[in-house]
């Protein structure tokens, strides 16, 4: 927590240790005092705290929680201290700024151009050397230049070719302070020589291991088991791991880049190759054209034994068609064909709807063998994990087609929304990710109208956003972000999925064409620069003639979302709004927001446009209705809110589902299940409604139903009688549809039909359908004997999961062997997910140990956490493993990239419904340094609390309904 002195005349530099503890029980044994000329002074510690405000002289530093004396410190001044009334990281103020919640670099020094050269790549100890020359625009005289560095060694630093400056590190804040003789305001050139590491943490400049499909070039680095490629991942704050830089999104500059590589390697970067020249024996230097003005996190390069396939756009850009390439390591390029078929048309589509041509001279998509996320939008060189880019028509599961088409579109959308125009600060990350998510689906809908992608959006994106935003530990879409460790934790379902859901709601209200016109104006006004949420609202307001900021601001800057409750009276509906929490215990102070809610009322024989119910802009209002027989609020689930119907109306809508769109049927199921958990409805009412959905034909509705049922089964798994009763309920619901869809993939059938088949077979088999289990076991036995074609690629996951659950160690070991030997791009991912269906604690522990062995890439370990956590028979073993191996395996192996650690904890620990486990988790992490995963841990604890409360309240009601319905004998 920063404790700042008012500006006055402190010494030029004073650092002193203050004995004692941090205020507010931070548990830091020491605090360090920083005082710097012009920026005040501040105490810092290394822990996150919650503290109220207090004022006290430095000589009597106290709080209610602790005391810290300063008697051992000889200070030349005595000022008052204040703790800001907010939750943040302890850190000293390093520059004057208007945004006090940002820990940013000094404002007086700004970069305008980088010339970066990387050389001396050493493949035994994985080191490299570099030199960067940075053109600076300095606003005032001074003696220091502060840059971001992390895990780099600075060899020397010179300003304008003068004497070497002194170097000091602020490792906690990932900075280096370079001190020179006094310089004046104006243009300067900083040259820094440095050394770095090509790490294995999937951040910065890093190495990825792989097993080549065909013999690799002689110069490829390798060990006894793996070959290696090199690439970068800089978002959000990891450019500083690769080279010294001003690593903040609004400190944009141009970049010249060159790298020395083995002669038989290929180098890629954001721009076209400019020249290649020979360096030392067996090595060459590849340089690239200068980039446009852009943020550091968008710079990228890659080195490896690459090959490519190529196509060209239909549109011309600067008089010629644009080259589009998919790069892979040798032997895999044809698996990039599906992605390539989508990339060119998507670039053309976005150029058209944004009314701005794609601004770079090429589009490269690169498959990276180890990747922490799904993909990264580096300008002109987009990187993907292999399962997000590659597809083998003979071996791949069809469901990956949908994922690839979407992720190609999502990252290409960023080339405009994020790269051409960048958010001003990470607090507005949603401007990048929320928009790219929505427009990514818009592009997929344009290319594949038969996929019904907006129903998929409602089933997956909307419902997932609801789940996180309905707990207290959620956050607003636009959330304060102080520093690098906080940034990565908001790359979550709120920034991506709630952000895109709110954009979808606004687009539906304004009309897609009007909305896109406003977006185009926004992009044109701020291209090659930075922008804020208000800038977008202003552009949309101008295009639409509506005050967008007035009705959208609460959706962006307030936490949570509403539930709209309906009360029926003759010829009228009373509608009221309140904040929705899954725990159902909203406090008055948590329900002060009044949202603008587009009602989207559909009545029998009339569309929502014809009814035109407008928007709810008060806590309560009355609507006149002309049709009591049929109505549906929130047509097509365009609005980001839950709807609470009277119990009788809910059952009636279930019976009238033929009049509902696919999106509305998904929403009806999702709302009913969530309201059952919150206590606004009942689980019995939900089960009674979906009991009649057995004749449903749409895959996406089935997906929502089975997801909701699976959640209920997970929470009540240890309630006597209920687990088996819910299994029988599911089996009865599933059987007719499963037997109707069968096992055979017909020539020319739709992608959605194939996905429905895989879903129903998997769920019916796991629920105990004897015929499905028998066929799955037959196919699995033939597969284990060596018949690789007996299982359809899209049924490999269902067959594996059923065989493992119904079998034992033999089946488990067979799938583990498949994992080790498969060449299918999705094979390892499917195997890890399937092995999580084991039924014994012994096998669960074996799987966890296997996951943390060198055989499993760090990027995939969360797949084991997800699969075991979803298995009520053994999920406790995940928590036991974390506790027993936190210091030896979990933290040291995952914390090199906090995204990976937080993801593993959230996915592995969120499925419990036990107050005892929640207390155990709280106790275990108390006192530990939670920086980088504290937000995720809070989500885990809130989720468990909501599930535990639901279990307590509803267990007897579910049991009673299941008994009366004949599912419990």
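The backbone N, Cα and C atoms fix where each Cβ goes, and this holds for glycine too.
Heads up, TrEMBL stuff is auto-annotated, nobody curated it.
Features reported for this protein in TrEMBL:
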type     : residues      : note
ACT_SITE : 411           : active site, proton acceptor
BINDING  : 410, 414, 433 : Zn(2+) binding site
DOMAIN   : 110-298       : domain 'Aminopeptidase N-like N-terminal'
DOMAIN   : 338-555       : domain 'Peptidase M1 membrane alanine aminopeptidase'
DOMAIN   : 630-945       : domain 'ERAP1-like C-terminal'
SITE     : 496           : site 'Transition state stabilizer'
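Positions of TrEMBL features highlighted on the structure.
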{"residue": "410", "record": "Zn(2+) binding site", "Cβ neighbours (10 Å)": "27"}
{"residue": "411", "record": "active site, proton acceptor", "Cβ neighbours (10 Å)": "26"}
{"residue": "414", "record": "Zn(2+) binding site", "Cβ neighbours (10 Å)": "25"}
{"residue": "433", "record": "Zn(2+) binding site", "Cβ neighbours (10 Å)": "26"}
{"residue": "496", "record": "site 'Transition state stabilizer'", "Cβ neighbours (10 Å)": "23"}
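Take the mean position of the Cβ atoms of 410, 414, 433, the recorded Zn(2+) site; other residues of that chain with a Cβ within 8 Å of it are 377, 411, 413, 417, 418, 432, 435, 436, 437, 440, 496. It is 11 Å from the Cα atom of residue 410 (Zn(2+) binding site) to that of residue 496 (site 'Transition state stabilizer'). A straight line from the CA of residue 433 (Zn(2+) binding site) to the CA of the residue listed as 'active site, proton acceptor' spans 10 Å. Taking CA atoms as the reference points, residue 411 (active site, proton acceptor) and residue 496 (site 'Transition state stabilizer') are 13 Å apart. When the Cα atoms are compared, residue 496 (site 'Transition state stabilizer') and residue 414 (Zn(2+) binding site) turn out to be 13 Å apart.
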